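Asker: After the structure tokens below, expect a handful of questions from me.
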Amino acid sequence: MELSTAKKVVVFDYGFGNVRSAERALARAGAEVEITRDFDTAMNADGLLVPGVGAFAACMKGLKEARGDWIVGRRLAGGRPVMGICVGMQILFERGIEHGVETEGLDEWPGTVGPLEAEIVPHMGWNTVEAPGGSQLFAGLDADARFYFVHSYAVHDWSLDVANPAMRAPLVTWSTHGKPFVAAVENGALWATQFHPEKSGDAGAQLLNNWIGTL
């Protein structure tokens with residue numbers, strides 16, 4: 001009997017994400033996928049995907065109630081891969097401000113999630129991104145590849161500098177809707193996208209395949 005060589009990915013189910021869409025996309029990319037909030041399963045998986053839709057404050061509340069904040073922190077402390085999508089990326093920053101109300105995020109990266117600075121909000125539809133050289137997340141993708149966005153809030157400024165030359169600075173990918181905003185981050189074991197790779201056709205499939213390939 002042959003043992004499966006597929007990487008095990010948990011889609012963390014805390015009530016605020018397109019978990020079924022993510023499950024199908026990851027399975028098509030070759031992963032063994034489970035949707036769960038079970039602590040041990042989430043901790044032991046090769047990769048943990050944290051989706052997110054809706055309000056920053058509601059997502060943070062749901063994540064904490066499911067102990068997801070602790071799971072993410074412990075996985076990253078051990079160098080275990082985590083990927084956030086949409087609001088699942090936003091909550092990795094210091095804070096979010098919605099309608100003047102500030103909510104603390106997971107504080108993995110400095111920065112504030114605020115309203116998009118654009119004439120048309122939400123930003124809904126397909127857009128290109130500007131990925132940095134050396135990106136593993138966007139490997140094999142053309143510069144004109146388009147990804148699907150749907151959001152009203154974003155991070156417009158990146159302020160994390162790495163003073164230690166022995167440490168690799170995070171790779172930040174940008175997109176523009178009115179004003180440039182952070183579209184993706186690659187930071188050691190922690191990767192995240194503002195767009196929805198599971199809804200981004202062939203480009204999104206390649207991106208998820210790239211992530212799974214690093215697990």
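Quick reminder: no glycine exception, Cβ is built from N, Cα and C everywhere.
Annotations per Swiss-Prot:
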ACT_SITE  Cys86  active site, nucleophile
ACT_SITE  His196  active site
ACT_SITE  Glu198  active site
DOMAIN    8-215  domain 'Glutamine amidotransferase type-1'
Asker: Taking only the Cα atoms, work out how far the residue listed as 'active site, nucleophile' lies from His196 (active site), in Å, as a whole number.
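Answerer: If we compare the Cα positions of the residue listed as 'active site, nucleophile' and His196 (active site), the gap is 6 Å.
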Asker: Near His196 (active site), how many other Cβ atoms are within 10 Å of its Cβ?
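Answerer: His196 (active site): 21 neighbouring Cβ atoms within 10 Å.
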Asker: Averaged over the domain 'Glutamine amidotransferase type-1' (8-215), what pLDDT does the predicted model reach?
Answerer: 96
Asker: Under 8 Å Cβ to Cβ from Glu198 (active site), same chain, six or more residues apart: give me those in sequence order, or none if nothing qualifies.
Answerer: Asn18, Ser21, Ala22, Arg24, Ala25, Leu26, Ile85, Gly204, Leu208
